[in-house]
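To start, the structure itself, in C-alpha cells.
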Amino acid sequence: MLLSEEPETEEIKSSTVDGGKGTWKHAAFHVATTIATPAAYAPLPFALASLGWVLGVSSLVGGTLVTWYSSLLIASLWGWNGNNHITYKHLAHSIFGFWGYWSIAFFQQVASLGNNIAIQIAAGTSLKAVYKYYYRDGSLTLQHFIIFFGAFELFLSQLPNIHSLRWVNALCTFSTIGFAATTIGVTIYNGNKIDRASIDYSLHGSSYSKTFKAFNALGAIAFSFGDAMLPEIQNTVREPAKKSMYKGVSAAYSVIVLIYWQLAFCGYWAFGSEVQPYILASLTIPKWTIVMANLFAVIQISGCYQIYCRPTYAYFEERILSNKSASQFSFRNHFIRLTCTSVYIALVTLVAAAMPFFGDFVSICGAIGFTPLDFVFPAIAYLKAGRMPKGTKLRRSIQLLNCIIATWFSVVATLGCIGAVRLIKEDIKTY
C-alpha cells in the first residue's frame, strides 16, 4: 500500500515514540482556536445571504457534520502503519507517497498564507474600529493597524512550537466564546431596533451575479471550517493520542456548533441581504459592546495566526537549522528564526495592506486551501489506508459516504475558486 518514492529534499519524519505532553483539553483549545476564529464565522451571515435560507442553512449544517467526521477520520489514522506521523505532509506521504506529500505541502501553504492574509485584514479592521471609537477624527488608516498587528505576531512567532502556545490558545478559546456571545447578543439587539418590514431576504442582482455570489459563499463556508493542522496538533497530545484527539475534536465542535449556527442565523435574520461580509461592520449600537466584540476578535485571531504560520516556519527551519547547531537555544538559531519569521510576516502584511478584500481572500482560501485538506483528503486517505470496519454493510456505507464527500467537495472547491477570483478582479477595479 505504501509507495516507495520519497521527497528527495526532505527526510520523512515519523516516530514510534510519542513526545506529546498535552491533554485532550489542550487539543480542544488548539482545534477550537484554529477553526473558530472570528474571521472564519463572521462572514457566515453574508454567505447565507448569498445562498438564501434553504441552501444556506443546508450548506452550513452539512459543512459542520462533514468536517467533524473528517477530523475524526484524520485522528483515527494516527499510527495507522505503526509510525506516528508528526505532520499532515508526512501522514500524506505514508499513504500516497511522493505526490501526496507535495500536494498537502502545497495546499497547506495556500491555506496558511490565505488564512493569515484574511485574518490580518480582519484584525486590522477590528483595531481600527476600536481606535475610531476613541478618536473619531483620528488619521490612522486600516493599513496602519494591519502593520501594528503584524508586528505583534512577529513577537509571538519567537515562541518555539505549537505546544508553547497552549496558554495563548486557551485565552483565545475563551475570547472566541466572548466574541460570539457579545456579537450574537448585539446582533439580536440591532435586529430588534430595525423596522422588520424593511428587511429583505431575496437574492439581488442578475442570474449571472447571483451564481458567482453563490460560488463565493461556498468557498466562505469551506473557509469557516478550515483546519489544516490536525496531525500537528495530535502530535502535541500524550498517549492514548487517538482517544484524546477524539475527545478534543468533539469538544471543540460543540463550541463551534454553538457559535457558528447562532451567529449565522441571527446575522442573516437581523440584516437580511444587506449584511456585510464582516458582521461587525453591520452593527451600529450600543457602541461599547461593539468595541468589546472587536477586542475579543483581535485576541482570538492572534492565536489562530500563529497556528497557521507554524508549518511554514518548520519548513525553513528544518533546512536551515538541521544538525548545524549543537544547541536549540543558540544565538544563531534565534537569529535565523527571527529572520525567517520577519520575512514571512512582512510578506503577509504587505499583501493584506495592499489588497484588504477580506471576503474575497476568505473564499479563495477556503476553496483552494481548506476544501482539499478538510473535506477531500481525509475521505480518500481513510479509504486508501484500508482502515475499514469489518462489517460488510458498514464498510460499504463508509466507502460510499467517503466517495460522495470527496467528489462533491472537489466540485465545491472548483466553484468556490471561480467565484472568488471573479470577485477579487471586480474589487481591484474599484479599489
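Note that the numbers count up from 1, one per residue, in the order the chain is shown.
In case you wondered, yes, glycine gets a Cβ from its N, Cα and C as well.
Keep in mind that TrEMBL annotations are predicted by a computer and have not been checked by a curator.
It should be emphasised that the depicted structure is a prediction, and the values quoted were computed from it without experimental measurement.
Per TrEMBL, these features apply:
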REGION    1-20  region 'Disordered'
DOMAIN    21-416  domain 'Amino acid transporter transmembrane'
TRANSMEM  53-78  transmembrane segment
TRANSMEM  90-107  transmembrane segment
TRANSMEM  140-156  transmembrane segment
TRANSMEM  168-191  transmembrane segment
TRANSMEM  251-271  transmembrane segment
TRANSMEM  291-313  transmembrane segment
TRANSMEM  334-355  transmembrane segment
TRANSMEM  361-383  transmembrane segment
TRANSMEM  403-424  transmembrane segment
Please identify the stretch among 53-78, 140-156, 403-424 with the greatest number of Cβ pairs below 8 Å relative to the transmembrane segment (90-107). 53-78
Counting only residues at least 6 beyond its ends, the same-chain positions whose CB falls under 8 A of a CB in the transmembrane segment (403-424) are 66, 69-70, 212-220, 222, 355, 357, 359-360, 363-364, 366-368, 371-372, 375-376, 379-380, 383
For the transmembrane segment (361-383), name the stretch out of 53-78, 140-156, 168-191, 251-271, 291-313 with the most CB-CB pairs under 8 Å. 53-78
For the transmembrane segment (168-191), the candidate among 53-78, 140-156, 251-271, 291-313, 334-355 having the most Cβ pairs under 8 Å is 291-313
With pairs restricted to those 6 or more apart in sequence, evaluate whether the transmembrane segment (53-78) and the transmembrane segment (251-271) have 3+ C-beta pairs under 8 Å. yes
Counting Cβ pairs under 8 Å to the transmembrane segment (291-313), which of 140-156, 251-271, 334-355 comes out on top? 140-156
Counting only residues 6+ away from its ends, which parts of the chain sit with a Cβ under 8 Å from the transmembrane segment (140-156)? 120-121, 123-125, 127-128, 131, 165, 168, 298, 301-302, 305-306, 309, 341-342, 345-346, 348-349, 352-353, 356
